[in-house]
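Taken from Swiss-Prot, the feature domain 'Clp R' applies to 3-145, supported by sequence analysis. Feature annotation from Swiss-Prot assigns region 'NBD1' to 158-339. According to Swiss-Prot, the feature region 'Linker' maps to 340-549. Per Swiss-Prot, the feature coiled coil maps to 390-524; the stated evidence is similarity to another entry. The region 'NBD2' feature in Swiss-Prot is assigned to 559-771. Here Swiss-Prot flags G609, P610, T611, G612, V613, G614, K615, T616 as ATP 2 binding site, drawing on similarity to another entry. Annotated region 'C-terminal' per Swiss-Prot: 772-869, in sequence order.
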Amino acid sequence: MDINKMTYAVQSALQQAVELSQQHKLQNIEIEAILSAALNESESLYKSILERANIEVDQLNKAYEDKLNTYASVEGDNIQYGQYISQQANQLITKAESYMKEYEDEYISMEHILRSAMDIDQTTKHYINNKVEVIKEIIKKVRGGNHVTSQNPEVNYKALAKYGRDLVEEVRQGKMDPVIGRDEEIRNTIRILSRKTKNNPVLIGEPGVGKTAIVEGLAQRIVKKDVPESLLDKTVFELDLSALVAGAKYRGEFEERLKAVLKEVKESDGRIILFIDEIHMLVGAGKTDGAMDAGNMLKPMLARGELHCIGATTLNEYREYIEKDSALERRFQKVAVSEPDVEDTISILRGLKERYEVYHGVRIQDRALVAAAELSDRYITDRFLPDKAIDLVDQACATIRTEMGSNPTELDQVNRRVMQLEIEESALKNESDNASKQRLQELQEELANEKEKQAALQSRVESEKEKIANLQEKRAQLDESRQALEDAQTNNNLEKAAELQYGTIPQLEKELRELEDNFQDEQGEDTDRMIREVVTDEEIGDIVSQWTGIPVSKLVETEREKLLHLSDILHKRVVGQDKAVDLVSDAVVRARAGIKDPNRPIGSFLFLGPTGVGKTELAKSLAASLFDSEKHMIRIDMSEYMEKHAVSRLIGAPPGYIGHDEGGQLTEAVRRNPYSVILLDEVEKAHTDVFNVLLQILDEGRLTDSKGRSVDFKNTIIIMTSNIGSQVLLENVKETGEITESTEKAVMTSLNAYFKPEILNRMDDIVLFKPLSIDDMSMIVDKILTQLNIRLLEQRISIEVSDDAKAWLGQEAYEPQYGARPLKRFVQRQIETPLARMMIKEGFPEGTTIKVNLNSDNNLTFNVEKIHE
């Protein structure tokens, strides 16, 4: 018995048989151990053939186990179990060897073991009974005229069924969504497939534009017989490259599998069209030391026209892998698949609408489809139509479906209230005092009312759920009937087609309309319903907002109020800069109302003014107002960009340089948060060439990073701050704080000397911040003290500062050329430091209020006023 003359599957079965013998404490390897191991082998051909012959495999395996248990086990020390082969097991191998010679094979394979077992083993004979000829016929079909010339012959049997899926068969079974449009690309593909040689189209396009859908569309046309005669009998197989590579343990096994697939395709005489998605993976697939990769194995067959192949890949991967191998590239004909426009996407969504309605059991409004196409095109810029629009619709449907499965909020609240009252009732029943009895009586009345309300709501919910279930069932029946009609028309079953088209389908459509009308009449408007089963444009807007962070959904009342009073909110934080606050808040309101220019940022402003007047503070307060956190502000300190080459930090290092994979500080931040406030602080400190990057952002609302990706800035507010002309402002401002026209001109002259005209011309507004007045300082004192009180609140301590003390603080710290920053430092010295010393020295108890007053010597006094009990 030469183990090298056996296939890997037979070798593995013998190894398993040794382990079985050891488990049963048998010195010999019995025939049943070998056959049981063969039956339990993963992807067992032995088992597969018996199953196809309708033999009870589980019972046969149990019979092998029972027979093994009848052999006498040997106990003792130093006994080597499973070291010898029994006489009957030896006969099995010898007979299998004779079958190997009969089949003209080079290795003993599983089918030889099965034929041998049918002749020698009584248990196998009993179960196979009179199916010997059937099994012989199945073995013949499985082998398909092949000979066992390798130790892994199983890969050659039904290779296409193992490593691919029949798209034409899936269309016939109704498993595939309809393909709408793409007629020109499908026709182009058909034209290339009809050539004599090099009849291999490769579909090239961005991810998500519908390359795979074109092949599915071809499969659907083949089923409908809507193709030229030369393609009528064709079938399309999608090759699963990962399945080909997976589990290839031995050298050359991958090549063997691929050869088996290609052989089947070749033997079909052009009937099989092979579709390889992500065809670039073929280049280098399976390549080890000295081995040939899959791409090179395909070349001869592709050139001779023996292999009909459709490939699909993206532009980048085609350039990176296929174009490098010019011999492989010339064997394919390119078909460019462009991204459909919004109108075509809406048509595609309308075609898919019914499938999604049936699958999710919801109703999709047409305006939801239009919104999905338009909003995805406008806001989801890093993906492609129609894929991103289909994803939006699918997600919105899933959201509504999830809501339908749970209780509505109104019923949920009543259920919680009833539970709460029942708990209180059971507690009060144990009390005997009059107050508890009185409360119990009131509570029982309230509980009765709530339970009545609960029953009414529950009944209404059940009724709506039942009606929705009926609608879903009717839609599913209609979908099945339409699928059956397509099958009947394809198979030329005219009688059945006529019955479905003129009888069943119109009747189902009528019943569905009646159900929908009744549901509409009974429930009234959508807003009156307990359960929503309609997907509207609002749901689509919500999903876009979830994905991008950009507020697209309709304004709720609280947000509407917040926007209308945005300037008031900003005024509370930014003192004395009315014009700047109004300009920024107006830009946000325009954007949220949906009337801003869709191709530019929400707003781009240059804030000019002395230090400490609120330029940066306005940007921070805007971020806090819009996003409830200053963290949503992208702050870039332009003093870090003083060198010319520093621009690469904004958009990313060029290819070949360290940090290329990390992307740019600005571009990556905006890609992650497309709706944000960008603050470019102290812009005059940056090198002038850095501003050239800003030209496209300010004008077109986009910027291309170092990797060639376009980053969308259309939903950002860009604020630049600068101190240019601050000296002119300080010297020439009126006592009232107003900026004169001559001062404004002088500042603009300074500005033009520094910035190029093309930068200034693209700004929405250049805002001059006026120096702070003494009145503004007293308001800022209040702000600083409020923030101090918030910090003290954590320690349950509060501070009260008298008006005299506040006025003194504002006056003493007033330095027009430095703005509000000296005031902050002055408050730290005069209030925070003495207070901190007192807290450490005396340790105030919780609830302490400290009063700060100004004495006659113009010094602040601290008094511990009261302690709250």
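Even glycines carry a Cβ here, placed using N, Cα and C.
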### Query
Setting G609, P610, T611, G612, V613, G614, K615, T616 aside, what same-chain residues sit with their Cβ within 8 Å of the center of the Cβ atoms that define the ATP 2 site, listed in sequence order?
F607, E617, T721, N723, F769, G819, A820
#### Entry: Cβ neighbour count within 10 Å of K615 (ATP 2 binding site)
28
### Listed in sequence order, residues with CB under 8 A of T616 (ATP 2 binding site) and six or more positions away
L679, D681, T721
### Task
Count the other Cβ atoms sitting within 10 Å of the Cβ of T611 (ATP 2 binding site), across every protein chain shown.
15
### Message
I want to verify one value. Collapsing DSSP to three states, which class is T616 (ATP 2 binding site)?
### Response
helix
## Note on the structure
DSSP tally for the region 'C-terminal' (772-869), helix/strand/coil in that order, comes to 52 helix, 22 strand, 24 coil
